[in-house]
Amino acid sequence: MGHCVFLVLAALFSVTSTQFIPPYTEECRTEMYPPNGPTFRGAVGWYTVDLDLPPRKRWTDIITAKKTDLVNMIQAIRDLANAFVPSGRLIELVDITLPLMVDTLPSPFGEEIKGIAAVSEIPLGEVVLFNIFYEVFTVCTSVIAEDNKGNLIHGRNLDFGLFMGWDVKNKSWIISEKLKPLVVNLDFKRNNQTVFKSTNFAGYVGMLTGVKPHMFTLTMNERFSLDGGYIGILEWILGKRDGMWMSFLTRSVLENANRYIAEMFATAYFILGGNQTGQGCIITRSRLLSIDLLEIDLNLGRWYNITLKTMYDVLSTKPVLNKLTTYTTLMQVSEGKLESYIRDCPNPCMPW
C-alpha cells in the first residue's frame with residue numbers, strides 16, 4: 001500500500017525506552033496561542049447541518065466538499081485491512097455484513113449514514129465501519145478549568161488511529177494523517193437556530209466534542225478496559241441491540257439536552273462542563289453500567305485559573321500533543337464559543 005505497516009509490538013518496543021524523557025516530554029509550552037509554528041497545520045472550516053432536512057440530506061454539502069478526502073481515508077483503511085488479511089476477505093465481510101445492520105442503528109443515524117454513502121459513492125458497509133471506529137481505536141485528552149471570572153473553559157485533543165498502520169518513512173500513523181483533512185466544525189441548526197456546535201470528522205455522524213451554547217460542554221474519551229468496545233461491536237453483530245454507541249449517545253445529549261440512561265457498547269469517560277462556576281466533572285462509565293449524564297453534582301470547587309491561551313499551551317505540550325493528535329478544540333460555554341485547529345507533532349514526538 002505504499003507504506004510499511006508495523007505490528008503493535010514493534011511500535012510499542014520502539015518507544016518504551018524514550019517514553020518519559022526529553023525530547024519526547026517537555027516543560028509546558030508558552031506563547032503557542034494564537035496558533036502558530038510547526039505544531040499548527042491550519043484552522044478548521046465551518047459547515048452547517050440542517051436538522052430540519054430529511055436525515056439522508058443533512059450531510060450532502062459537507063460530503064460533497066470532502067468527498068476526495070473521505071475516499072482517500074477509506075482506501076487507507078482498505079489497504080490496512082488487506083495488509084493483515086491479504087485475501088481481501090475482511091473488507092468483503094464488511095461490505096456484505098454491515099449494510100444488513102444499518103437499519104438496526106437508532107434514528108436518525110442509519111439514514112444519515114445511508115445519505116453519506118450515496119453522496120460519497122463509498123460502499124455502505126465501509127461508511128458504517130468508519131462510524132464505529134471510535135469504539136476501539138482512540139486515546140484522547142480533555143481538560144476543564146476556569147478563568148479568573150469563573151467562566152468555564154473546556155479543551156481537548158482528539159487522538160485517533162492507535163495501532164492503525166505506522167508509516168516508517170514519515171514516522172506517523174497512516175489513518176491519523178488521513179483523518180486530518182476530514183476535520184470540520186459543525187453548526188447544527190433547527191428552525192435556523194443553533195442547537196449545538198461540534199468538531200467532527202466529515203462522514204462521522206456521532207459526536208465526540210461539542211458545546212450547547214450557554215448550557216454545557218461535553219467531550220468523550222475512550223476508557224481502556226478488557227471489557228471494551230470490540231466486545232460491544234461483536235455483540236451488536238451477533239444481534240444484541242439494547243445498547244447504544246458512545247458517540248451516538250453524546251450527540252443525543254448535545255442535540256436534546258434531556259436525561260439519558262443507556263447501556264453503551266464501550267467503556268468511556270464523559271467530560272462535562274456547565275455554565276456556572278465550579279461546574280465540571282469527569283464521568284467514568286463502564287460498558288454495562290447505566291448512568292444519568294445530566295443529573296450529577298458538578299460542583300467540584302475551584303482548581304486553578306486558566307485562559308484559552310494557556311489551555312492551548314497545555315494541549316500543545318508533548319506528550320499531550322503526540323503523533324495521534326488530529327485536532328485541538330477550545331470551548332467556552334458562556335460565550336457559546338468553539339474553535340478548533342488541526343495539529344502536527346514534528347519529530348521527535350511520541351507515537352501516543
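These residue numbers are counts, starting from 1, taken along the chain as shown.
Cβ from N, Cα, C; glycine included.
Just so you know, TrEMBL annotations are computer predictions that nobody has curated.
Taken from TrEMBL, the feature signal peptide applies to 1-18.
The domain 'Acid ceramidase N-terminal' feature in TrEMBL is assigned to 43-104.
Feature annotation from TrEMBL assigns domain 'Choloylglycine hydrolase/NAAA C-terminal' to 140-260.
The Cβ neighbour count for C140 (active site, nucleophile), using a 10 Å radius and every protein chain shown, is 21. The active site, nucleophile annotation in TrEMBL covers C140.
The average pLDDT for the domain 'Choloylglycine hydrolase/NAAA C-terminal' (140-260) in the predicted structure is 82.
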